[in-house]
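Structure first, then comments.
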Amino acid sequence: MSKLVLILNCGSSSLKFAILDPATGEEKLSGLAEAFFLPEARIKWKLNGEKGNADLGAGAAHTEALNFIASNILNDELKNSIAAIGHRIVHGGEKYTQSVIVTDEVVKGIEDAAQFAPLHNPAHLIGIREAFKAFPHLKDKNVVVFDTAFHQTMPEEAFLYALPYSLYKEHGVRRYGAHGTSHYFVSREVAKYVGKPADQVNAIICHLGNGGSVSVVRNGQCIDTSMGLTPLEGLVMGTRCGDIDPAIVFYLYKTLGMSMDQIEETLVKKSGLLGLTEVTSDCRYAEDNYDDESKPETRRALNVYSYRLAKYIGAYMAVLGDDHLDAIAFTGGIGENSAHVRELALNHLKLFGIKIDNERNLATRFGKDGVITTDDSAFKAIVLPTNEELVIAQDTAKLCF
């Protein structure tokens, strides 16, 4: 068996894992351990096409999950084929512009960036430390891949806020973006699709899932993206508000008497599609009931969502200027599967000569890729499934094999 990479994506109460062959992209194992610290802590997986699940025990967390993977799921052949471990890291700050092997200095850098990703980075560090324990022979073969790295090519005019400059110089307050691993992968897929070298492609990439972001790529490099200091800025998302007037925070605090913790929970966990529908963060609910007059919240939510998305796409078309836009790409759970969202957003962009092909759009869902615009459309719109795990596996292999 060829050299394989174990990929870990640690959250505060869950752990996603996979084993990939970086040379072929073949997935040997995928799974999710969840409900950490609760009585119902559990794990489920798919190994060579066969599904399995198990209880981890009341209160189990990252340690128990990784030990279960190593001891109960992996057979000796697969375990011996794991040559390195790749970790997804949400925030690397300004320091990290590419993937690196884990060292004490790198761990310190992830800790320093945790102030901008307080829910994610501490959990990633737990994953790294537990991986050291579960796979001690691979301690010097752990690699971290940063979601912020691809966006580090943004120019100053794109990443700076119009705040006192000292906040940036002394405290790192600037725009960092997120979903960079996905944006990087899809930008390379766009290049293949249009027959151009990766370092010559110009694209607008819409990564739409429960979280969502748009990036604009010129000559293969990101020059702007919708998320900011944190993943709260930008698009309407499942539970996140995206762009708002910052003074709303003052109003909620001073006039409505909400605490800062309550405000944070409102903006991060109670807004977006959930806030607009007052029912659910699931985009499919709004889609399925869009024409139901008894549920006006669904039309309201989807219209706001797609309007905000169209504004970002249009703005980024302007940012490209004289550079020819090769394609607008849709990816992520919503981007790949919601023909309705794509249609609503692109219909706002008729001024640019974009023409959506309804038949192609409806046919391009559920893992299918393809062009969804007409042959005479001024610009192509393409649906391209993302593969962040493959990027992590390949980056890890480059550094370790």
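Note: Cβ is positioned from N, Cα and C throughout, glycine not excepted.
Feature annotations, courtesy of Swiss-Prot:
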- N9, E388: Mg(2+) binding site (BINDING)
- K16, H207, L208, G209, N210, G211, D282, C283, R284, G333, I334, G335, E336, N337: ATP binding site (BINDING)
- R88: substrate binding site (BINDING)
- H179: site 'Transition state stabilizer' (SITE)
- R240: site 'Transition state stabilizer' (SITE)
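Here the features listed in Swiss-Prot are placed on the structure.
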residue: N9; record: Mg(2+) binding site; Cβ neighbours (10 Å): 23
residue: K16; record: ATP binding site; Cβ neighbours (10 Å): 16
residue: R88; record: substrate binding site; Cβ neighbours (10 Å): 22
residue: H179; record: site 'Transition state stabilizer'; Cβ neighbours (10 Å): 30
residue: L208; record: ATP binding site; Cβ neighbours (10 Å): 26
residue: N210; record: ATP binding site; Cβ neighbours (10 Å): 16
residue: R240; record: site 'Transition state stabilizer'; Cβ neighbours (10 Å): 26
residue: R284; record: ATP binding site; Cβ neighbours (10 Å): 13
residue: E336; record: ATP binding site; Cβ neighbours (10 Å): 22
residue: E388; record: Mg(2+) binding site; Cβ neighbours (10 Å): 22
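The two recorded residues, N210 (ATP binding site) and R240 (site 'Transition state stabilizer'), have Cα atoms 9 Å apart. The recorded positions listed here (K16, R88, H179) include R88, H179 as those with a Cα within 10 A of the Cα of E388 (Mg(2+) binding site).
Looking only at the recorded positions N9, R88, H179, R240, the one with its C-alpha closest to E336 (ATP binding site) is H179. Among the recorded positions N9, R88, H179, R240, the residue whose Cα lies closest in space to that of K16 (ATP binding site) is N9. For R284 (ATP binding site), the nearest neighbour among the recorded positions N9, R88, H179, judged by Cα separation, is H179. The Cβ of I334 (ATP binding site) lies under 8 Å from the Cβ of L208, G209, G212, C283, V341, each of these being in the same chain and 6 or more residues away along the sequence. R88 (substrate binding site) sits 24 Å from D282 (ATP binding site), taking the CA atoms of both as reference points.
Rounded to a whole number, the C-alpha distance linking H179 (site 'Transition state stabilizer') with D282 (ATP binding site) is 19 angstrom. Between the alpha carbons (Cα) of D282 (ATP binding site) and R240 (site 'Transition state stabilizer') lies a span of roughly 12 Å. Neighbour count (other Cβ atoms within 10 Å of the Cβ, all protein chains): 15 for D282 (ATP binding site). Largest Cα-Cα distance over the residues recorded as binding ATP, namely K16, H207, L208, G209, N210, G211, D282, C283, R284, G333, I334, G335, E336, N337, equals 23 Å. When the alpha carbons of N9 (Mg(2+) binding site) and R240 (site 'Transition state stabilizer') are compared, the span between them is 21 angstrom. DSSP classifies D282 (ATP binding site) as coil under the three-state reduction.
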